[in-house]
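Contents: one structure, followed by commentary.
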Amino acid sequence: GRMKPVIVVHGGAGQIFKEREEGSRAGVVRAALRGYGILKQGGSALDAVEEAVRSMEDDPHFNAGCGSVLNEKGEVEMDAIIMDGKNLDSGAVSAVKCIANPIKLARLVMEKTKHMLLTDHGAHLFAQVMGIPETPGEKLITERSWDRWKKNLEPDSNPEEFQKDLGTVGAVAIDSEGNVACATSTGGLSNKLIGRVGDTACIGSGGYADNHSGATSTTGHGESIMKVVLARLILYHMEQGMSPEMAADTALDYMKTRVGGLGGVIVVNNSGEWAARFSTKQMSWATVKDDQLHYGIYAGERHTKSVDEALASESERF
């Protein structure tokens with residue numbers, strides 16, 4: 001039978017500073033609506049999650065694509081992953097520079113190579129071969145990222161404080177054929193060591209998708225997420241019969257008690273049930289199912305609108 005399509009997106013877990021709340025809410029809503037538009041026309045889960053993430057990479061409110069944080073040397077280095085639940089194909093890139101949409105490059109790694117993860121210089125060469133235009137590094141850098149970087153260089157600064165405001169972006173979806181997919185993209189940790197790769201580019205940590213159970217995309221403290229292989233752990237709990245919400249909470253709780261790590265996740269299972277859960281203060285998220293849009297940032301916050309109403313106010317804003 002035909003599945004009812006569902007998309008869920010997140011704009012990162014952590015602390016969303018007051019002045020960025022509205023932009024974060026609007027950004028995840030826009031991404032969810034764009035992804036859902038593809039699903040509604042019978043498009044694939046893969047296309048929907050790529051489009052939703054691309055929308056957030058282009059939005060300077062998020063730590064991905066334009067708006068990414070800077071490494072210790074003041075450069076943008078980005079990670080991204082995409083995965084197809086039908087055959088477990090995946091593509092990822094890590095430590096890429098001067099590219100507007102790392103998620104597009106990750107998709108090309110999946111479809112045009114026999115590999116799953118390309119890094120740094122090799123990813124750069126592959127992007128050239130694929131004809132992806134180069135974006136000057138400074139075009140990706142926002143005022144906010146510069147200020148953050150400079151503050152973190154001060155002798156009495158504590159980069160850890162700012163790293164709570166993470167803003168990885170991600171999406172999961174199920175399409176009308178019942179295929180699931182996930183996509184995740186990030187600029188990583190502020191003032192990170194050059195060449196640091198976090199959870200985002202790692203299959204099973206930054207995301208995982210399998211038609212047999214569902215799909216998930218994660219955000220939060222990358223090193224902690226890698227230690228528990230968070231995305232795969234959530235799907236394991238669903239394979240044991242847990243609901244998406246229960247599986248997400250159980251895995252996040254384990255990460256917190258076992259390694260002291262905080263984060264957030266979005267999940268959809270193969271029957272179209274979804275969840276958006278987090279152990280941090282906040283996580284911007286949005287979902288569309290049955291032509292209803294739901295979104296929030298704080299624990300327990302959930303706004304609901306019809307898609308038509310949301311699209312109408314969307315077009316007024318532009």
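Cβ atoms are placed via backbone N, Cα and C, with glycine included.
As the structure is a computational prediction, the values presented were derived from the model and not from experiment.
A simple way to gauge crowding: the CB of Thr168 (active site, nucleophile) has 33 other CB atoms within 10 angstroms, across all the protein chains here. What TrEMBL records for Thr168 is active site, nucleophile.
Annotation source TrEMBL lists substrate binding site at Arg196, Val197, Gly198, Asp199, Thr219, Gly220, His221, Gly222. Non-local neighbourhood of Asp199 (substrate binding site): Ser205, Gly206, Thr218, Gly222, Glu223, Ile225, Met226, Leu230, each in the same chain, at least six residues away, with C-beta under 8 Å from its C-beta.
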Cβ distance under 8 Å to Gly198 (substrate binding site), same chain, sequence separation 6 or more: which residues?
Asp79, Thr186, Gly188, Leu189, Lys192, Gly206, Gly222, Glu223, Ile225, Met226
Residue with minimal Cβ packing [other Cβ atoms within 10 Å] among the binding-site residues Arg196, His221:
Arg196
Cα of His221 (substrate binding site) to Cα of Thr168 (active site, nucleophile): how many Å, rounded?
10
For substrate, with binders Arg196, Val197, Gly198, Asp199, Thr219, Gly220, His221, Gly222, what's the maximum Cα separation in whole Å?
16
